[in-house]
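Everything on this sheet refers to the single structure shown next.
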């Protein structure tokens, strides 16, 4: 196995860095700062970050086939035109729950955008329970709810054969699996795949590698863990120099690099001194496995 190397490639400290997605044609990493209310784009060749401010907490960003990005922010699915920095609402959810906001999201292999909600945090990882739901935004901008009674809707991805949706509700401390009908975008038969150990922290963002194994960023755990869905066992741990790891994705020219976002919101001064790069973006190389190119939203 090649030796693993971890570099902080973006040292700017984001309040809650999240939702990293690699944009191959530009060689850029797109991500959000949830409570900083911005969409950011890091250029891997110039090492510079550009950002666009938005008017609500932004849970996730995804690529859009027609250009720009699709966002899950506040209680809306929206489209961002990067060039003129305009945001257009595509659909609204949870209108009966004014304290709710979108959190993590990802585009399925057919080009639908799935994202879930949660109540606004009282403090990091503390929320009013059972307020969230998981939704799909279809390319025609219609919205379907999968299920509700969610605490903090978080990481999601699909098996390599596209028949299984993997899903995290953070405060369950579990990774779940659901049967997924790629024709219709409907999910069913939710079950537990992996229960986190106490020292692993809170499961947050997630991605899948080209071998069909899951990588989960563990908030308050300072690590990403690799899980084998076949056995339901944790098979690898990579520790990072911050406790507040939030999400992960593969990127780079051949998707052999992993990018990990982090947060600094809610950290006391002593912890900030010990972990000064919390809120930065990390690149992990030498994992010996590649990821898969993200799908763009088809609407």
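All positions are counted from 1 along the displayed chain.
From the backbone N, Cα and C atoms, a Cβ is placed for every residue, glycine too.
Feature annotation from TrEMBL assigns active site, proton donor/acceptor to 204. Taken from TrEMBL, the feature divalent metal cation binding site covers 18, 154, 204. If you look up TrEMBL, you'll see 101, 103, 121 marked as substrate binding site. The domain 'SMP-30/Gluconolactonase/LRE-like region' annotation in TrEMBL covers 16-263.
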Practice item. Would you mind ranking the recorded positions 18, 121, 204 by how many other Cβ atoms sit within 10 Å of each Cβ and giving me the lowest? Key: 121
Revision key, fill the gap. For residue 103 (substrate binding site) and residue 204 (active site, proton donor/acceptor), the CA-to-CA distance in whole Å is 10
Practice item. Report the nearest neighbour of residue 18 (divalent metal cation binding site) in space among the recorded positions 101, 121, 204, comparing Cα positions. Key: 204
